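Q: Attaching a single structure in structure tokens format; questions to follow.
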Amino acid sequence: MTENIHKHRILILDFGSQYTQLVARRVRELGVYCELWAWDVTEAQIREFNPSGIILSGGPESTTEDNSPRAPQYVFEAGVPVFGVCYGMQTMAMQLGGHVEASNEREFGYAQVEVLTDSALVRGIEDSLTADGKPLLDVWMSHGDKVTAIPSDFVTVASTETCPFAIMANEEKRFYGVQFHPEVTHTRQGMRMLDRFVRDICQCEALWTPAKIIDDAIARIRQQVGDDKVILGLSGGVDSSVTAMLLHRAIGKNLTCVFVDNGLLRLNEAEQVMDMFGDHFGLNIVHVEGEERFLTALAGENDPEAKRKIIGRVFVEVFDEQALRLEDVKWLAQGTIYPDVIESAASATGKAHVIKSHHNVGGLPKEMKMGLVEPLRELFKDEVRKIGLELGLPYDMLYRHPFPGPGLGVRVLGEVKKEYCDLLRRADAIFIEELHKADLYNKVSQAFTVFLPVRSVGVMGDGRKYDWVVSLRAVETIDFMTAHWAHLPYDFLGRVSNRIINEVNGISRVVYDISGKPPATIEWE
């Protein structure tokens with residue numbers, strides 16, 4: 001029997017901070033399982049989850065407003081340690097008898113916190129010392145309100161010049177609140193504080209490791225599907241590739257991978273996928289030529305959301321057809337990962353706007369005929385990559401830039417046509433090749449080319465011609481929730497532009513996208 005890697009677990013209640021998923025990833029990096037739930041969870045749900053500790057996230061609301069989110073009262077009655085971060089500290093203070101007010105000065109950015117009192121949370125943790133030997137911590141603040149009175153059974157652990165209660169603690173109950181963000185890298189000792197809370201105060205063991213996650217996933221797959229046959233849509237992306245390798249280890253020849261060349265893939269991608277998974281790893285793969293079918297279904301459609309839904313629908317139709325040709329296929333496997341699950345849950349409960357339909361989760365018809373197997377649904381992307389390495393997949397494949405599920409279907413703006421896809425494939429391949437040559441590929445987080453359905457005049461030789469426009473897009477980001485456009489060298493951009501215009505007949509102009517996220521998204525559609 002495999003070890004119970006979920007035995008020690010942290011519950012993170014989400015109050016809406018852009019950093020909340022980062023908190024969860026940091027806890028996982030410490031080797032401890034955690035889950036992210038909406039703040040209005042019930043007492044029964046908390047009891048059932050049985051956490052070793054609870055973290056209250058930051059959030060954009062003000063605790064001084066009457067209808068602002070509050071932690072369920074049971075959080076403070078469950079007998080487990082609680083760690084409030086920013087808004088989480090404020091609602092903890094207010095709910096336990098303290099006071100919060102809007103601050104005259106909004107604290108945003110670096111701050112130095114002076115530790116005044118010994119506390120299990122920060123004992124022995126410091127960045128520097130004051131002249132009289134008190135520990136100082138370099139932290140990242142982001143708050144407007146501030147705690148002006150702490151609950152009577154708490155002590156002040158640390159303060160800044162403008163924030164009298166930067167850290168508060170009730171050591172007996174093991175309740176802690178910090179007015180800064182320990183999860184961001186700008187808080188230099190943040191990981192040590194999270195480690196102190198999760199590993200020492202909550203006494204969680206580091207059971208959440210790649211090797212143990214693989215063993216657990218294999219055991220769960222076998223328990224779920226038994227001797228049934230499973231079908232998987234293999235795209236060659238990180239998530240579906242790691243899913244394929246896990247299933248192959250768990251059930252061997254009972255897995256049939258369906259690789260659909262939908263006409264929306266990158267240059268030579270179909271050949272590369274078949275070579276690696278069919279020839280090298282020995283997986284059972286059915287190769288479906290689907291370009292004409294997908295492009296016919298997409299004909300005349302300009303709306304990005306509709307295009308995503310069409311691509312998802314046709315994928316499922318293809319799977320159903322392939323499954324009917326095989327005997328006893330009862331399960332459809334997918335590479336759904338934890339951020340997909342979080343976003344889909346948020347949209348289902350109305351707690352967040354649907355930015356885009358996830359190809360894996362929201363875009364699938366509800367009448368799908370097979371059961372779902374999702375072995376990665378508890379994992380963040382960085383965890384999926386680590387597991388892929390452990391399973392023997394090549395580094396370059398696992399750390400390739402993200403590629404959307406609908407592929408070039410959302411990188412060709414407006415209606416998708418074969419001509420547009422062919423031009424885009426070749427232009428994009430040149431851009432990526434040049435990034436590798438210039439040693440820039442791993443210095444940007446994501447880079448790709450977008451086809452714009454507008455013609456622009458160009459001069460070739462002695463003649464004028466009207467041809468298509470493409471845009472290059474490269475961004476730098478830590479979490480893909482916010483992003484800056486990458487400041488690529490002008491000579492590099494010039495070289496890429498010249499190559500595309502000279503080598504791809506049909507493109508007359510190349511532009512570079514200098515939009516950040518927000519207000520733009522990373523993908524154009």
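Backbone N, Cα and C atoms are what each Cβ position is placed from, and that goes for glycine too.
Annotated domain 'Glutamine amidotransferase type-1' per Swiss-Prot: 9-207, in sequence order. Annotation comment: Swiss-Prot describes Cys86 as active site, nucleophile. As annotated by Swiss-Prot, active site applies to His181, Glu183, with the evidence given as sequence analysis. The annotation domain 'GMPS ATP-PPase' is assigned in Swiss-Prot to 208-400. Under the heading ATP binding site, Swiss-Prot lists Ser235, Gly236, Gly237, Val238, Asp239, Ser240, Ser241.
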Q: Between C-alpha atoms, which of these active-site residues comes nearest to Ser240 (ATP binding site): Cys86, His181, Glu183?
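A: Spatially nearest to Ser240 (ATP binding site) by Cα position is Glu183.
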Q: So what's the mean pLDDT when you look at the domain 'GMPS ATP-PPase' (208-400)?
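A: Over the domain 'GMPS ATP-PPase' (208-400), the predicted model scores a mean pLDDT of 87.
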Q: Given the recorded positions Glu183, Asp239, which one's Cβ is surrounded by the fewest other Cβ atoms within 10 Å?
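A: Counting other Cβ atoms within 10 Å of each of the recorded positions Glu183, Asp239 gives the minimum at Asp239.
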Q: For His181 (active site), what residues in its own chain, 6 or more apart in sequence, show a Cβ-Cβ distance under 8 Å?
A: Tyr19, Gly58, Val85, Cys86, Val139, Trp140, Met141, Ser142, Thr187, Gly190
Q: Enter the number of other CB atoms within 10 angstroms of the CB of Ser241 (ATP binding site).
A: 25
Q: Quick check on the recorded positions: of Cys86, Val238, whose CB has the lowest count of neighbouring CB atoms inside 10 Å?
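A: Comparing Cβ neighbours within 10 Å for the recorded positions Cys86, Val238, Val238 has the fewest.
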Q: Excluding Ser235, Gly236, Gly237, Val238, Asp239, Ser240, Ser241, please set out which residues of the same chain place their CB within 8 Å of the center of the CB atoms of the ATP site, keeping sequence order.
A: Leu234, Val242, Thr243, Ala244, Gly335
Q: To the nearest whole angstrom, what is the C-alpha distance linking Gly237 (ATP binding site) and Glu183 (active site)?
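A: Each residue's Cα considered, Gly237 (ATP binding site) and Glu183 (active site) end up 28 Å apart.
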Q: Only counting partners 6 or more residues apart, tell me which same-chain residues put their Cβ under 8 Å from the Cβ of Gly236 (ATP binding site).
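A: Once residues fewer than 6 apart are set aside, Gly236 (ATP binding site) is near Phe259, Leu265, Glu269, Gln272, Val273, Met276, Phe277, Met397.
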Q: Which of Ser235, Gly237, Ser240 has the fewest nearby Cβ atoms, counting only those within 10 Å, among these binding-site residues?
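A: Minimum Cβ neighbour count within 10 Å, taken over the binding-site residues Ser235, Gly237, Ser240, occurs at Gly237.
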Q: To the nearest Å, how far is the Cα of Glu183 (active site) from the Cα of Asp239 (ATP binding site)?
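A: Asp239 (ATP binding site) has its Cα 25 Å from the Cα of Glu183 (active site).
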